[in-house]
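S.K.: Before we start, here is the structure in question, set down as structure tokens.
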Amino acid sequence: MTFFKSVHKRDLFVKMGFLSSSSPAVTALLCLATFLVLSVHAADPEEIRDFAPPPTGTALDGNYFTSTRLRNINVNNKGALANVTAVNVNVFPALSGLGVSNALLVYPPGSVNVPHTHPRGTETLFIIEGTLEVGLIDTTAPVPMLFTQTLHKDDIFVFPRGLVHFQINKSKQTVRAYASFSSTNPGLVSLPRTLFGVNIDIDVLTKSFEVAPYVIKTLSAQQP
């Protein structure tokens, strides 16, 4: 249907004198128009159901649409890392196809959520209680730029999909935050774990960071 509409437009341009029927520009224009239309439809498929049905034999009731995963979370209040409890499609099947997921983050005093990215989803972080320092690295400019902010209760900060970001609790109080994602499974790429926890050839890392081998060995030893 779209192709024939493009042909009709070509005939109109010919009649108006903008193009000749034998002009190579006509063919190029049609090919480009068709490619753009097909690209748009291929990149943004339309949902054809309201929600994913439960597994066969499972009753469809309020329980299916409810997750209790965030109840009574066991928090390590002495750890150096933030406690993250994800609620994605892997643990909450009702999210399948809906394009959203969530997580509860608890930051003990002095803890950090290490630099990381979410390759498949944008994150919005809502501060429930406490004060939190956050950072976002913008890589769209020729030179990467770091944006930081101090967030307080009821503040919201957005981390665009795929950009490196982090959080740190520099206060003496526990901070709680709620994250929402634009994907049922946004993914997580931890920079420390990815770079130093998978046994990359040490020559690659020492030359990339211009440091001595013992530095890489020390960083690698810290990864789980």
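For all residues, glycine too, the Cβ spot is worked out from N, Cα and C.
Remember, TrEMBL labels are computer predictions, not curated facts.
Checked TrEMBL, it gives:
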DOMAIN    73-217  domain 'Cupin type-1'
BINDING   Asn113, His118, Glu123  oxalate binding site
BINDING   His116, His118, Glu123, His165  Mn(2+) binding site
S.K.: What is the interatomic distance between the Cα atoms of His116 (Mn(2+) binding site) and Glu123 (oxalate binding site), given in whole Å?
M.R.: 12
S.K.: Can you list, in sequence order, the residues of the same chain other than His116, His118, Glu123, His165 whose CB lies within 8 Å of the CB centroid of the Mn(2+) site?
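M.R.: Going along the sequence, the neighbours appear as Thr117, Phe159, Leu163, Val164, Pro186, Leu188.
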S.K.: Any idea what the Cα distance is from Asn113 (oxalate binding site) over to His165 (Mn(2+) binding site), rounded to a whole Å?
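M.R.: Their Cα atoms are separated by 9 Å.
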S.K.: What average pLDDT is reported by the model for the domain 'Cupin type-1' (73-217)?
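M.R.: Residues in the domain 'Cupin type-1' (73-217) carry a mean pLDDT of 95 in this prediction.
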S.K.: Other than Asn113, His118, Glu123, which residues of the same chain sit close to oxalate? List them in sequence order, counting a residue when its Cβ is within 8 Å of the Cβ centroid of the site.
M.R.: Ala103, His116, Thr117, Leu125, Phe159, His165, Ala179, Phe181, Pro186, Leu188
S.K.: Ten-angstrom check, please: count other Cβ atoms within 10 Å of the Cβ of His118 (oxalate binding site), all chains counted.
M.R.: 23
S.K.: Using a 10 Å cut-off, grab the number of neighbouring Cβ atoms around the Cβ of Glu123 (oxalate binding site), all chains included.
M.R.: 22
S.K.: How big is the Cα-to-Cα gap, in Å, between His165 (Mn(2+) binding site) and Glu123 (oxalate binding site)?
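M.R.: Computed Cα spacing between His165 (Mn(2+) binding site) and Glu123 (oxalate binding site) is 10 Å.
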